[in-house]
Amino acid sequence: MKKSLLTIVLAFSFVLGGAALAPTVSEAHGYVASPGSRAFFGSSAGGNLNTNVGRAQWEPQSIEAPKNTFITGKLASAGVSGFEPLDEQTATRWHKTNITTGPLDITWNLTAQHRTASWDYYITKNGWNPNQPLDIKNFDKIASIDGKQEVPNKVVKQTINIPTDRKGYHVIYAVWGIGDTVNAFYQAIDVNIQ
């Protein structure tokens, strides 16, 4: 009896100790806070301006998939289970941030820092259809910033340039390419260019 009780106590201690060492949701990764991404605006930190966003409600920082995961119709979720609601696409579905052409400051909040290969930014082309699923062929790459394989700060501020020929509703697609893994983090940002 004593041996069984000791086995149970040791097993329980091992489980609790292992759980304490396991990474938590708050420790994983990064999201675009300004201008806010779909995922960020679906979280309490973003004011829940977007609703029915799946896992993004609790973990906007966790849209992580292999680099160059540009799945037609699944750009916003990067095909990650639980984030599929972010892939819904209509002209009115998402909260939009008003911006202007020219320099645009982007702020990433990193809940876990990783060596960085690059920060890449895309924007929808003129004439894209906001009522069709997002497709990388309908985006132009507008910036690539070398991460120099360095570990960034927890708050990363960068400036990109929004082309002067863009007006109205567009989507900016931000990709944080990790330097020491095969993965990247993906964020769709809905903007109204004035």
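Placed from the backbone N, Cα and C atoms, the Cβ positions cover glycine too.
Going by Swiss-Prot, these are the annotated features:
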| type | residues | note |
| --- | --- | --- |
| SIGNAL | 1-28 | signal peptide |
| DOMAIN | 29-191 | domain 'Chitin-binding type-4' |
| BINDING | His29, His114 | Cu cation binding site |
Within 10 Å of the Cβ of His114 (Cu cation binding site), how many other Cβ atoms can you find? Include all protein chains, please.
21
Predicted model, mean pLDDT over the domain 'Chitin-binding type-4' (29-191):
98
Using DSSP with the three-state reduction, classify His29 (Cu cation binding site) as helix, strand or coil.
coil
